[in-house]
Every structure is written in structure tokens, then in C-alpha cells.
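What TrEMBL lists as NADP(+) binding site is B:48, B:54. The FMN binding site annotation in TrEMBL covers B:125, B:126, B:127, B:237, B:238, B:282, B:297, B:298, B:299, B:300, B:301, B:323.
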């Protein structure tokens, strides 16, 4: 099926293709009375926008968002908020190559197998361009959870990881890689440049942390906070893995090594001595920082020819010319943040529904 | 909130606590006319059942399932199928310890923080005992997808991984660890015994593969096949990570190294030369085997005292006496299989809804 | 499809057939901490229970409810509440007649056309016996909305309506017809007796009023309070019409005649001078009593032979012997009340989710 | 809450206010490969469009629809279809009157009570202008159910009903009232003119019939076909009652009088000798025409001053100047048709999901 709505009470529905006239999102269930304007959304879109450095695709999209409904006199009214972004740089290139044969690793074959045909221009609906709609919706979600601070960063590119000891929050926005480790950022410059010049691509790992989440958010059992975060992240283009807290590392530990002991805090709430769990127990937030890691594969758009088949089933080869991200994970940072915000906003309202 | 329904058109709702009189699931949306009896469900429950070896908890639960509705003359009628399992071994132990203080790593504190109080007997709703309901529902799901074969196995315990070269399908059911590598199974015997005797616990990694999934299942963008699988697996107790295909390893690769080239197959369908993607592209199955990996943390029920706080917020220590799994991941195997079956059954019907 | 869950955040899922071993409901999303016991549910089931007077079916069902989960130490825990009712009087009659040919007006043919076959014993899933599950779930819903008082009554049987001027609240529970007009109740005794003795049946109109609903409940546009109530009532067996406020009478009025003028009330809230709207404007409650009317058709189970066809498509006749309600509308009273409670509880929580 | 999505697998989400820049709908779950263009949608919008006769509001809105996504080379791709309609005649009138005091019968007070404030321009989100989005989405739904023919008509205005004997299908589109009885249409001309000139308004009854619906559509118990239709119709502005088949008239009948006997038909399917049930039994279509009736109240926008209160709670009076429909029911005809199409398309796909 096609299912383009995310969330349970704070919901958004996205629409649009890479090379259609526009794309957008309808945000529904947003609390009324929140101060909002396009200026609250645009900075997050700018962060995701392509063409801002040589390390991202050179497609030029201003990604100017317009609010078409749901806001009156600068405040949300409680009715659906329509967010609209025009596509302006759908380069009138020749798509006959992509129309002819399937790009391995892309959704081309799967869409054809499912729907019988596909909008092949720039990947159509399966393009990562759709994530602009998520980022716009996520900006609204942030307004619903002012108590929460969300930040994500790239912690590895092509297997080259940051040094956790060198983590510097201030660095994240100071380099084109959202990298908190200045030395790593410098290494990555050469690394990504190399991939770009050779027409190759690189995978990446993104980490995301939300602080200020109170204990109690989460809807066990089938809308657990971690379950929703996993779904949210795995729905992002190119994502192949999600970890909460220590993730796969926890599978190597003993119960003692994995414990998050508690001590009494000044306000009756516990102070946790560790956070292996990533701030979630039994699918419910514990009051600790919510932490997750996401694996982005290298984009399949590369200059090296790869064996494939045509729509008619004949043997062929394909290589992907044109504008592409050498490391799509980089631009995933604002998208992961947006999905974190969307899940938390939804869970906050769900919690409020049941518990008041 | 509380949200105990999983699935979109093939749905199940589970209920029940560890130490209540019973637990169960209501399966809704199941196609009519499928031959079904309790004998189709019981074997999967037996696989998950505790007390079958010394490597699992010694709680004795026969986990006999009864079908209370939705079946007539041995066939599904298309109406809700109520599955009922009595709890028979709720040992009348003293729960004052667990009632008094929070067990770190368990859901105790989070449930209290959310709901204001909790059923502390055996973890109440947050107990892994609920997974019996999933396994029962999953057995129904399997009947909906007879074209698919699902098998899961343990690929690592406490960081000790199997040797992929030694993979032997026949071994999986031949040892108490669902381990496809006979040598690893032997090593794990000592490993898990050691943990059990010392009152410690171990994490584990489970892998699961579904073959026979045709190309085209998946509901992009927010019910992508991989997104649904991630949610399904992350909702299982003790799971902290999910990978599709190469998962985090893909983040270390280049686009060339991660490619899944295609060649024409005999029937017009492609033959894939690799399966880094785990059988899913753009959230839609490609016809390759669907593969995922799941990380189980070590259970937090250990004999070593851990710092904690009481319900009143005072400093304390707690250790978990009683019957527990030294490695909960082992019994996760039939649960992961069940979630795979539930997602695939749902996606099959969703695909049918839109595409016919 | 089969879709047996009602509600959005306060949800219940019902299961069970007329002649299966049991039926039940799973209530999910209920706020925690509510005092509850089987004694809070049983009285409503007793009100709906068959066999309490000669004017209802003589099937003897004690309809004893058991709570199997979600309650601990007498309070809701916030987890799913499983409600279980055994069927005890599935008379071992001969069903070959109903299996052979379709009873016109019943769901027999439609179920066969949809599902390919059906559980024909007592109507299977399509039996009004399922409404016991609704009434049980509705009893839980009532606990969520203690500020609301719900009462329903029969306002007409077979076209013989009560005299609005004679409305006496105290009468409703004083006769077997839930009739607020003592004179009408007396007339109906003969009317229903006549239908019963001749093997005929009668339609009825039920009215329901909820007082104490604050202004602001309702989820426009597609979960408006009136829209949800209409769906809830129309899902009840034998219901063919739903009106909010003046309903069809409003279609005969002018704007002046239909106006509900407002005056300032003592607490800043308006005093309404009329309630043509039935307490709902724009899909949102206004603080006035919420009022609706529901039309029940006469049951199709009658002793007069009716033309029909067999499963094989041959011409035939059928008459319905056995135990049946001469006027199913009567026992609809607690069911309509339950659906009102379920909708209002859900809307209260939905409102709280968005607005706090 | 705010809930602006309708449908289960064929879904649409609408957005937009009366006086915002635009309004629209996102249709999701539509089958792929359907031939579609704006020309398939525009005629239905033209039918609903205001200002086409003196009997409707004189607001001039071309209601030109644009398809912004989900269509490629003239066919649906299976991805979300964004439908966009600009508002062009938001007259820059003075809204201070409506901002100051609540219009009784409108949603003004309820929205304020719920959300704390409201977009008062033309009723904001509660305006019937939103039904343009429904009609556009309904036009897409029609393409999903080519086997079904839907037609609606006005059967009464202000209590003056058509003569069923004079029913003439060809008349429906031959007069500005969608009236199938030429004589009634003539009477209504004077009737509606009178209301218009005196600044009054009139209620109306609309009937709708869908032929060609096969037996088997409907999702019992809580998404029964009749239940979904009731919800769909009751969600339309100004609707206060819904009847399926004989509706409230059935409540006056006996079981014999209400019977729909069956005879064998030429193709093994039954021929029904009556259709009291309106083509639905047990919530499932029977293959007969699906019939319903809907009551529209007179619009509350009238020139006669009505008592009301101000936002501050002071006593006041209000009358509604400006452009309004003297009988909103008339323009409800294409809206009821659209909701019928939307429900049937959804149920067709739901049926396909479960039964194949």
C-alpha cells in the first residue's frame, strides 16, 4: 500500500515527488495557540537544503516553505497546518537512462514490481527530497515540546569514527559535516572529497540525543517510545540500522555491565549512574537523555557501472550521472532530528491523553 | 498511552500480565477459509515456552492455547480470532522487595513515573511473558503467508559469535540455543551455564530470514517494510538494536561495495548478485530474502546487588532472586519469527488492498 | 475486511460469536488509577441481559463478566483490560435450517457473499449477542467520564410514540420497556405481547441524552463528535437511522426556527435558550445536553414464512423458530448508552491530548 | 483533537480555511495505473461551486483544482495525490462583528471553547468551503469504483417533499435544485427565493443511491458499511440525521412489513423483492442499491437578529450579513455523492485486502 501519514495524535502526511511542481506536508493534531511563522521552520530546512557545500548535491533548491492553513494571527489554531515547498530546480535532463534500466540499490525495481510503473524522474516519490517535508513538519513538532532539546551529529563516515573524547558540541554547526570532533571533520574533508571526485559514495553513522524528555512518555507495547523511534528512523531513505542506547554493544555485555543504577536525586527523581538503555525502559522514557544511533548506507548513485536489467528484463549496465550526495548521511542529520521531534511530540500528547 | 494493537489490516491486540489469571491476543482482519486449529499454534508456543532446558527460566507454564472465536468447522471465518492462554505457575512468592524498590534496567520506575503505580508481580504488563501472545498471533499470521518460510537463530551470545562458514540449518533446532553452528553451541553451554550459576546474564544477537517474499510488499513511506520490521522488533522486551541487511556494516562501505547488482533471471525476474540491502529497497521487498538482525540486552535480573531507589525516593540496593533467563535472547528466537510473520502478513494484505 | 476495534485513544476490541464458548472485549488506553471491579460492570450487563421479562428473548445467559487483566489492587493500571463473558446457554438445537437457506433481513447472505461461508449458529458474529461486549466496555468508559450522566429510553415502539409531556425520568427503570411515559408503557405491553404471540416483531426508537459534557469535546472534521456518535450507533445491530438534536425535523425548519440563542450565564458560560442542535456545533460539544435518536428496525426473525434462496441458489422459504426478541429495540437501550459512553470517553481523552 | 483524515486504506486528508490562501486534500492509498487528470475532477467541483445560480451564495470561486503529486504521464502512481484549490474571492470585508460575538448555530462558540481562539474569517476551518476538498477527493474515489454509479438528489426543501411517483432521473441536472421532480423544482424556486429575499434559510433532505455495488463490501463490526456511511455523512457541515434504507420509517414497521424477500436470479445471485434495508445487511452490502437519506439543517446565517454573547461573555445580538446559501442542502448534493464514493472506494480496497 501507500501509507504517507506518520504519528498517532500529532500526525503529518507528506506528499510530493522529486521532480513534481512541489512537495509538502499536512500537520494535524497540533495543539492550538502556539506562536508560529515560516521563520520558525525555514532554518531547519536551510540546514537540510542541498547545495550548501561541495560535500552535498549541487541541486539548487531554496526550499522556501509556505504555511497555507492552520495558523491565524501568528498562532496555531488547532486545525491542519499545510506546509508547501515548491520544487524549482527540476533540471530538464534526459531521464531515458533511468527509465530504461533499474539502478541497483535504488527503489526503481521495487516500485515497478509493486505499482507496475513509476515516476522515474529523480527517483520520484522514493527520492530523499521528500525528507524536506519531514523537516518542515518536525519544525512544528519542536514547538510542541519546548522542554526538549534535540541535537544530532555525524559520528562516522565510511567507517572513520569520531573520537568520543574530542566531542565538542560547538563544533557540530561549525563544519559542513555536523561533526563534533574537529580533527575528524578535517579528515572527512579529504575522505568525502575523494568519494565525490571518483564518483563513489560513503556510508555514515548519525547519533541523536534528546535531553529534557520527562519520565513517562511512551505507549507500551506496540507504540513504545523506542519502537516508534526505530520505525521513524528506519523510514528515512538509506537508513539500514537503528540502535537505542548501547544498541548492539549491549548484546556483548553482562547484566552487571549493562546496569543503569539509580540514586536519589534532589527532587525525589532518580539520578542515574549510567545510560546504557538510552533513556528508555519498557518502552517508556526514564527522564535520562534519549539516545539513538542510525546507520546510513552509501548512496547507490555512483559513477561506476553496475550490472542491472532493463524494464524488459534484458541484461544491461547502469551508472548514475548527475547531481548526487557523495555521503547522504550528512544531510540526514536534520532529518533524524525531525523524526525525533515528531515522535516525541506525538508521545507527549499520547501521554497527556491517557494520564492527563 | 497504552497501545496494544499491532498491524494495519492484519491486526492483533494483546492483553495480560505476568501474574494475572491469563493472557491472550485477538487477531482481526485474518482472511476467511484458512484451515486452522490449536495444533497449528501450539508448536510455536512450545518453542518459546519456558522451562524446556536449564538455560531458560524454570517457571513451568504449559502455555496451552485455546481458540475462543473466529473459527468454525476448522476454518477461519474472517471474524476476530480470540487466543487464550492461562497462567498456571504464578508462584505465590513474596513481592514486597520488588514493590519496595525499582529494579534498574527493568520498566519498574518508568511504569510508576507514567501511570502512578504498577502491577509489580513479575513485572506485570512489562514482563516478557506477553510475548507468548505474539507467538500465538504470529502462528496465525504464518497461515496467511504460506509462500514464505521464516527462520531465526541466535548468532551471538555475550559477544561470542557463530562462524558464518559453519552455518548449518539443521543445527538450529538441535541445541537449546537455536544455534546454527555446532561448535558455538558447545561453547555457549559453558558460557550460559556460567552466567546462570553466578546469577549473571548475557546479551545476544538474533538473525532472522524470510524467503519466498515476492517483490512488491511494503507501504512507503511511513509503513515501509523495513520500518515496520524495525518497529516490530524494537517492541520486543530487551531489544536495543535492529539492522536490515548489512545494517551498521553498510555505513562503513562505499557505494560500489554496497551494490546489489542484478542479472536477468529465467522468469524475467532479476537474479541479484548480492543482498546487502536485506531484500528491501525503498521500503519495498525486492524478491530477495528479507534479512534482519536484532540485539537483545542481557536481562537486568541479576543476583549482584545494584544501587537503586525506593518508591519513596530513598537510597537502596536490589538484587533479583527467583526464576530468570540467564540469556533472554535465546527465547527471543520464536518471538522475532512471530513479528516477522505478523509484519509480512499485514504487508501482504496491504499490498493486495491497493494493487489487487 | 473485519474491523472490530472502536475508538481512537480509548479503544476497545470485541470478539466472540453467539454460540462460541465465550465473548469479550479488550479495552485499551484507559487512564490508570480508576477504581474498578466486576461489580462496576455487571449492573449494565444485567440491564441488557436476555430473559428478564417476557418481552425479550428467553435465552438464559447470566452474562457474568470477569476482568482478566489491566486491574491491580482494585484500580486500572493503564494497561489493556480484558473482559470475558462465557456463553452458557448455546442451546444444542438443530441449525440445519439456517445453514441451508438465508434468512432475509439477517446478515446470512451478506456474510456468505463476503467470506465464502459463515458460522450459522445463532447468527455467529452478526448476532446481537456481541453487544454484551460493548456494554461491558461501555461500563469502563463511564468511569472515565464521571462528570457525565447518560440515560437512554425507548420513545416509540411500532410507531406508537410516548407523549413528551408525560416524560418521567423515574419511570424509565420501572417498566420492562425503559419507557419514561407510564401510559405508553401500558399500551406497549399489549402491543409487544401481540407481536410475540403472533411470531411477529416491532421496530422502536431510542433516545439518548448525555448531560454534563463540557464544551469543547469533538475532533473536527472527520472525528466530529456527532460523526463518531453516528458511526457508533449505526454499528449496532438493527439500527437504520441516527439523528442528532432535531435531526430530520431540522430539515423542515427555517434558520429562525432552528436557532439556539445564547445568553450570558452566571459563570461566563452561555445559557442556551434552545437545543435544536443536540449539544453539538461544528462537531464540537457546546456544553448543552448531547441528544440523539436511533431507529431500530423490527427483527427479521419472525414466524411468517418469507421467500428466500438456499446456499445453492434454489428457491425456498424460511421462518425463524426459536427464542427471539419481539422488539430488539428494547434491549438496545443499554447498548446505545454504552456507545455514547465509549464515544465521550474517547473524545475526552482526544481533547486532552491536543489541548491539555 | 483535530482529525482531518478520512478512510482506512483509501484515505484523504483535507486542509484549509474559508479565507486562507488555498485549501486542498491529500489522497493516499489510491491504486496505481488509473487514468486521471484535472479534467476528471473539475466537473464535480463545478457542480458544487458557489455562485452558479441565485439560489446559492454569490461568492465567486472558480475552484480550479491542480494535481501536485501522485500522477505521472496521466496515470496514478500509487503515491499520495495532492489536490490544490486556490481561494480567490476571500472578500476583504470587515470581520469585527463575527470576531466580537458568537453566531448561534455556527461553530464559533464551540471552537473558542475548544481551542481558546479561532480564525473567525468566514468560519475558518468550520466553513462548508472545506467540502470542496471532499468533492475533489471523491472524484478520485470514483475512479477506484468504476463499477458503481452514484447519484444524489434533493428530495425536500423546508418540509416540501418531492412526489416519489414523479421521480425523473433526467430532471436532476436540469434545475438548480438537483430535484428529480419538475413540479417540486418549480415550487422550490419561489420557496427558496422567498427565503433568500427575507434573509432566512431553509433545511433540506438529500437522498443518495449507489448502484453496482457488489455483495460483500463492509467491514463488520466497527467499520460496517452503514456505520462508515453514517460517519461520512454526519461529518458534513449542517447535517443532523442519516438514514440507511427505510431509516426511521423501519422503526414503525413489523418484521413482515420490513422483509426483503429473495428469489433465485439468473446468475445464482438473489433477486430481492424489496429494499427496506438500503442494500446493507449486517454491515455488508447485499448487491442491492445502497440507499441513504441525509437531513441538512437550515444555515444559521440569517438576517434576523438572534440573542447571543460576546467573547467576553456579555449579552448581545448578531445577524449575519453577507453572502450565504439560503439552502445549504442544495450544494450538499455533490458532497454527499463524494462521501458515498469515498466510503465505497475504501470498502472495496478493504474487502480486497482480506478476501483477495
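Even glycines carry a Cβ here, placed using N, Cα and C.
Proximity to chain C (Cβ-Cβ under 8 A) holds for B:125 out of the binding-site residues B:54, B:125, B:127, B:297, B:299, B:301. Residues from the set of binding-site residues B:54, B:125, B:238, B:297, B:299, B:301 situated with their C-beta under 8 Å of a chain A C-beta: B:125, B:297, B:299, B:301. Cβ neighbours within 10 Å of residue B:238 (FMN binding site), excluding its own Cβ and spanning all shown chains: 22. Sequence-distant contacts of residue B:297 (FMN binding site), defined by Cβ-Cβ distance under 8 angstroms and a gap of at least six in the same chain, are B:105, B:203, B:238, B:239, B:240.
Every protein chain considered, the tally of other Cβ atoms within 10 Å of the Cβ of residue B:299 (FMN binding site) stands at 26.
For residue B:301 (FMN binding site), other Cβ atoms within 10 Å of its Cβ number 22.
Under 8 Å, Cβ to Cβ, and six or more positions away along its own chain, residue B:54 (NADP(+) binding site) finds B:193, B:196. Each residue contributes its Cα atom, and for residue B:127 (FMN binding site) and residue B:48 (NADP(+) binding site) those atoms are 14 Å apart.
Within the same chain, residues at least 6 positions away in sequence whose Cβ sits under 8 Å from that of residue B:125 (FMN binding site) are B:16, B:17, B:18, B:111, B:119. If you measure from the Cα atom of residue B:48 (NADP(+) binding site) to that of residue B:301 (FMN binding site), you get 19 Å.
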